[in-house]
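Okay, structure first, notes after.
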Amino acid sequence: MLNNAMSVVILAAGKGTRMYSDLPKVLHTLAGKAMVQHVIDAANELGAAHVHLVYGHGGDLLKQALKDDNLNWVLQAEQLGTGHAMQQAAPFFADDEDILMLYGDVPLISVETLQRLRDAKPQGGIGLLTVKLDDPTGYGRITRENGKVTGIVEHKDATDEQRQIQEINTGILIANGADMKRWLAKLTNNNAQGEYYITDIIALAYQEGREIVAVHPQRLSEVEGVNNRLQLSRLERVYQSEQAEKLLLAGVMLRDPARFDLRGTLTHGRDVEIDTNVIIEGNVTLGHRVKIGTGCVIKNSVIGDDCEISPYTVVEDANLAAACTIGPFARLRPGAELLEGAHVGNFVEMKKARLGKGTKAGHLTYLGDAEIGDNVNIGAGTITCNYDGANKFKTIIGDDVFVGSDTQLVAPVTVGKGATIAAGTTVTRNVGENALAISRVPQTQKEGWRRPVKKK
């Protein structure tokens, strides 16, 4: 159906005392992203014209963390209830738009559920998101007459009879801007909490003869709020379970779905295999037939077809062409690039370095600020000495070079095509094509030499 223009209000002023943290509650992360950012993303995906963020505690930290240009920051200096929070945002409401109210500590609300709520809102009425609970203790109850919603009674204000009601308010609702402003102006704090409840607008709307339509979410987890770290950890597992299920159904082989974490987005080809305790962060692309071993962390990287990443490898902001092999215990830092068939072995670290086709760095090596050609062998213990204490310099190695073990390349330096660097060499000057570079001190031998003995 055709919807009116819509703005979203996100309530995020709470301190989160039960988190026992200096960080505002809504900035605690779920799947690597602040809870409130999940809600902001949902609002933007819905096409919100404006997103009004009502904040209080930790405002400076919130503003540092949230860079969304679409946010309108609304201060709630005193936390006097949800109705009071909405009153702070009301001056920004247009009369002819719908206002959707969300919460920064309810991170798993889905765009699909919110769109259904938006579609269900009657003309001049209210769309209300509700759920039924076996144990509704502590929640506001939905009151009805002849099946029609008439109001919401908070638990502390409810009668014994009303406390038997299982349908509860989630706090998420949508109404017209002009109506919302009028109802907000009529709120009082005449209740057990001495606060201004947004829920009172339901009774006000009913008294005006307006229709209130209740909609249920697809999953209960969508409307679960977070007040402590235990609740946050439970929602984290719910989210991760849902992501793992989607990947499995899409053809990704997760060896143990309960031991996989997705903290971003994963684009994948066919026949991808992911072992246990793997973490995917940011935007990651895995080609066809990629295999990732246990304990790996992959962040903001592209992994080509037929690559194999062995256990306990960290790959960040890197780009791997087809048929590369990495690890175990390797680290590819930002700017690492491997061309087809390249190999990086155990305890090798790369940063701003490029390995050519078929090039191998087998073990115990640091390659930083380097451009390395095709079919190069990098011996164990090789180090590109790229930093002089003030500036970084580049090492260039041509095709078909053999670099012996325990070599230090003091940048800036260039090694020509086909050259050989003898083991134990410190390269301080350019090496020509097909040349042998060696800088070892001549070996001497002292016959009958005795090691020092400790004095007793």
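Indices start at 1 and increase along the chain as displayed.
Positions of Cβ are set from backbone N, Cα and C atoms, glycine also.
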Listed in Swiss-Prot for the acetyl-CoA site shared with A380, N386, Y387, S405, A423, one of R354, R440: R440
Reduced DSSP assignment, H363 (active site, proton acceptor): strand
H363 (active site, proton acceptor) and R440 (acetyl-CoA binding site), distance between Cα atoms, whole Å: 22
Recorded positions: H363, R440 - member with fewest neighbouring CB atoms within 10 Å: R440
DSSP three-state assignment for A380 (acetyl-CoA binding site): coil
Same-chain residues near the region 'Linker' (230-250), Cβ under 8 Å, at least 6 residues beyond its ends: 28, 30-31, 35, 107-108, 221, 224, 257-258, 260-262, 266, 268
Binding residues A380, N386, Y387, S405, A423, R440 (acetyl-CoA) - maximum C-alpha distance in whole Å: 23
